[in-house]
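Comments concern the structure below.
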Amino acid sequence: MGEASSSSGHPRQNPHVLGYGFHGAMPNSLPSANLFEQQGGANYFGELEEALMQQVATLRRTQQTATTTSTLHHGDTTPFSTTATAAATARPPPTLDIFPSWPMRSLHTPKEGSNVTADTTDSESSSKNNSNQNASSDQHVLVGDMAGQFDQIPQQEQHKKMATNSPTHSSKTGKALDPKTMRRLAQNREAARKSRLRKKAYIQQLESSKLKLAQMEQDIHRARSQGLLLGAPGGNTSSGAAMFDVDYARWLEEDSQRMAELHGGLHAHLPDSDLRAIVDDTLTHYDHLFNLKGMAAKADVFHLITGMWATPAERCFLWMGGFRPSELLKTLTPQLDPLTEQQVVGICNLQQSSQQAEEALSQGLDQLHQSLAETVAGGSPLDDPNVGSFMGHMAIALGQLSNLEGFVIQADNLRQQTIHQMHRILTVRQAARCFLAIGEYHNRLRALSSLWASRPREILVADEGNCGELSIAAHPSESQYSAF
């Protein structure tokens with residue numbers, strides 16, 4: 001009976017077992033049941049267990065490799081290597097496709113008379129399936145975490161760059177700054193930038209002033225060595241006068257160069273176009289001299305009118321701080337031959353108009369001298385001891401002295417206009433010869449001054465003896481009027 005019951009109960013269990021093993025099989029499929037009986041349930045579950053263990057071992061090796069890689073890179077500051085990144089982000093090896101895509105429990109509930117072995121097999125396969133699913137889910141979670149770390153690294157770097165470059169974040173607190181603070185920071189940066197620019201400009205100005213001062217010292221030393229600067233009595237030379245002396249010494253050097261160019265151009269028979277360029281440059285050079293004298297007249301008019309900037313021989317021919325235009329024309333006319341009739345008439349008219357202007361300026365200067373002398377002589381402290389009255393007369397005298405500046409400037413304008421008129425009347429080559437004659441005339445006067453200053457000592461002693469004899473001869477005449 002037991003055997004019969006077991007044999008009779010066995011066909012009832014086959015549909016359930018086949019239902020768990022094969023999804024598409026029918027419960028009453030006899031060929032499938034016979035095949036399962038021939039192979040044996042033990043062999044089937046043994047192969048299933050072996051495949052699951054291989055899969056679990058593969059998952060454990062993958063997990064250990066990922067853990068080792070993450071530990072190494074957490075201890076190092078260098079970024080992950082390309083191999084580790086590829087291994088971490090790679091997909092897990094494919095699993096055996098031996099499980100159904102739907103839940104393992106069959107929709108058909110087992111009957112009450114099922115075999116205990118079938119239930120045990122069902123529980124074992126379910127537990128192994130759950131462990132396989134848990135291992136797969138753990139592997140996916142681990143790979144997802146590592147991929148997230150790899151994704152977070154460039155995102156963190158990008159956020160750092162944005163925080164560094166963005167003006168709305170503070171480098172210390174990491175909080176957004178309000179517009180008022182941002183505006184104040186921008187103003188501070190702009191003020192610092194302007195301060196640096198001002199400091200740089202100030203340093204450059206100091207350097208240029210230092211170089212200019214050194215150049216001025218060299219020019220003054222050179223001018224004094226040439227006997228051009230004798231200085232005012234007592235050393236009361238103003239800064240404007242000293243500046244003009246330096247500029248005039250430099251102008252003389254440049255004038256010598258232009259005279260050499262004119263001399264070379266005339267002897268080389270340059271074309272009129274090339275020679276005209278040299279003549280025009282020389283005329284501009286004289287205009288620059290008159291501009292310098294105008295600034296010096298405003299700074300210290302007495303320095304110009306007394307001729308302290310010129311040599312002693314030049315002072316003998318000085319008129320209101322310069323040469324007389326009419327006298328210069330008389331000196332130049334014989335050296336400009338041959339002249340056309342029209343040129344002679346033009347030069348004569350220019351000379352006549354220059355003389356008239358000179359006389360007018362001389363009369364005005366004489367009147368100024370007379371009025372100035374009367375102002376200074378009036379209001380003597382002996383007659384009027386009032387200090388206020390005396391200071392009033394001094395104020396009037398100062399106002400009259402300011403007119404002296406105007407006379408010197410008008411005289412320079414007359415000299416400048418005379419040179420320009422001569423440039424218009426003469427041809428290019430005649431104008432070149434004219435400028436050469438003017439330069440040579442003043443060079444000879446300066447040479448005469450140098451010779452006078454460097455004359456031998458015996459001549460100086462003889463001059464002193466002559467002066468002594470004159471003074472002795474003058475004493476008897478003075479003694480004749482001693483009674484008076």
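Glycine is treated like the rest: Cβ placed from N, Cα and C.
Feature annotation from Swiss-Prot assigns compositional bias 'Polar residues' to 1-11 (among others).
According to Swiss-Prot, the feature compositional bias 'Low complexity' maps to 123-137.
As annotated by Swiss-Prot, compositional bias 'Polar residues' applies to 163-173 (among others).
Residues or ranges marked as domain 'DOG1' in Swiss-Prot: 241-455.
Sequence annotations record features per position, and here Swiss-Prot assigns region 'Disordered' to 1-22 (among others).
Per Swiss-Prot, the feature region 'Disordered' maps to 84-137 (among others).
Among the features that Swiss-Prot reports, region 'Disordered' is placed at 155-181 (among others).
The region 'Basic motif' annotation in Swiss-Prot covers 180-200 and rests on sequence analysis.
Here the region 'Leucine-zipper' (206-220) has, by DSSP, the following mix of helix, strand and coil residues: 15 helix, 0 strand, 0 coil. Among the features that Swiss-Prot reports, region 'Leucine-zipper' is placed at 206-220.
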May I have the DSSP-based helix, strand and coil counts for the residues of the region 'Basic motif' (180-200)?
21 helix, 0 strand, 0 coil
Non-local residues, at least 6 beyond the ends, that sit with Cβ under 8 Å of the region 'Leucine-zipper' (206-220)
229, 242-243, 245-246, 249-250
Segment confidence, the region 'Basic motif' (180-200), expressed as mean pLDDT:
92
